[in-house]
């Protein structure tokens with residue numbers, strides 16, 4: 001892979017994976033818009049993208065390292081009968097991870113077909129933007145609660161939202177933030193829960209695809225470099241986003257971007273059909 005293209009793709013992935021704008025959608029749409037060819041049929045494409053996802057997962061683990069240590073301690077303490085907010089939160093994350101994990105394993109091959117029609121991806125990005133706008137309005141009309149106080153049913157509901165992000169164009173972080181808002185979380189707490197919830201899914205997807213990466217000739221070096229670049233971009237992104245939502249940042253801003261970008265992408269690919 002060309003070095004400049006590798007750097008571009010890695011940074012794009014690291015930023016858009018955490019911003020609620022669909023990383024996979026942008027990874028497919030942006031290069032095509034600028035004439036950067038991605039062979040969607042290449043067997044090494046998905047493993048390479050997953051290597052970038054691993055970089056994101058490590059960035060999230062490092063940023064929330066103190067939080068994860070407390071959650072893990074609370075989880076093991078719960079087996080001894082000592083339940084606290086950290087234990088409750090950890091069990092909520094486990095329950096929330098189940099839906100997307102199961103659906104991803106069962107429908108992975110069928111969902112890959114959507115990658116081949118960029119018009120569908122662009123439409124999904126527009127819908128994602130509309131959902132973010134409604135989610136922002138919803139967040140401002142709900143009573144707020146701490147993420148540790150989410151019921152397990154609410155955590156499962158937030159986890160269900162991740163399923164939509166298996167379709168390129170829909171954002172995992174965006175959909176889970178919207179679901180968190182619906183459950184009564186503040187924008188800041190919904191973002192934190194979303195990032196914590198996404199970490200095991202992103203990490204597990206990478207681990208499952210690693211065998212394909214090792215069997216792709218010449219891809220290991222590219223993947224390692226891409227993973228490091230993505231990790232740096234993702235760390236800077238999560239730090240920015242947490243501060244953004246702490247400062248009363250709004251999902252609606254990202255919703256407007258997704259709608260405008262989706263319309264631009266859709267118009268371009270309708271006028272310039274891409275080979276599938």
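Glycine residues also receive a Cβ, built from the backbone N, Cα and C atoms like all the rest.
Note that this is a predicted model, so its numbers are computed, not measured.
Within the chain carrying the transmembrane segment (5-27), a Cβ under 8 angstroms from the stretch's Cβ atoms is held by residues 36, 49, 52-53, 55-56, 59-60, 115, 121-122, 124-125, 128, 132, 165, 168-171, 173-174, 177, 195, 202, 222, 225-227, 229-234, 236-238, 241, 251, 254, 257-258, 261, all 6 or more beyond its ends. The transmembrane segment annotation in Swiss-Prot covers 5-27 (among others) and is backed by sequence analysis.
Tertiary neighbourhood of the transmembrane segment (44-64): same-chain residues 1, 9-10, 13-14, 17-18, 24, 27, 38, 112, 192, 195-196, 198-199, 202-203, 205-210, 212-213, 216, 219, 222-224, 226-232, 234-235, 238-239, selected by CB-CB distance under 8 Å and a gap of 6+ residues from either end. Taken from Swiss-Prot, the feature transmembrane segment covers 44-64 (among others), and the record attributes it to sequence analysis.
The transmembrane segment annotation in Swiss-Prot covers 87-107 (among others) and rests on sequence analysis.
Within the chain, the transmembrane segment (114-134) has long-range Cβ neighbours (under 8 A, six or more residues past its boundaries) at 20-22, 24-25, 28-29, 32, 40, 167-171, 174-175, 178, 251-252, 254-263, 265-266, 269-270, 274, 276. Positions annotated as transmembrane segment by Swiss-Prot: 114-134 (among others).
The transmembrane segment annotation in Swiss-Prot covers 150-170 (among others).
Here Swiss-Prot flags 190-210 (among others) as transmembrane segment, drawing on sequence analysis. A Cβ distance under 8 Å defines the sequence-distant neighbours of the transmembrane segment (190-210), meaning residues of its chain 6+ beyond its ends; these are 17-18, 46-47, 50-51, 53-54, 56-57, 60-61, 63-64, 67-68, 71, 89, 93, 96-97, 100-101, 104, 139, 147, 150, 158-159, 162, 172-173, 176-177, 180-181, 238, 241-242, 245.
Tertiary neighbourhood of the transmembrane segment (218-238): same-chain residues 1, 6-7, 9-11, 13-15, 17-19, 44, 47-48, 51-56, 58-60, 62-63, 195, selected by CB-CB distance under 8 Å and a gap of 6+ residues from either end. The annotation transmembrane segment is assigned in Swiss-Prot to 218-238 (among others).
What Swiss-Prot lists as transmembrane segment is 251-271 (among others).
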**Request:** Could you tell me what the rest of the chain brings near the transmembrane segment (150-170), counting residues at least six beyond its ends with Cβ under 8 Å?
**Result:** 22, 24-25, 28, 91-93, 95-100, 103-104, 107, 111, 114-115, 120-125, 127-128, 176, 178-180, 182-185, 193-194, 197-198, 201, 262
**Item:** Surrounding residues of the transmembrane segment (251-271) on its own chain - C-beta under 8 Å, 6+ positions past either end
**Value:** 19-22, 29, 32-33, 118-119, 121-133, 135-137, 139, 169, 171, 174, 177-178, 181, 187
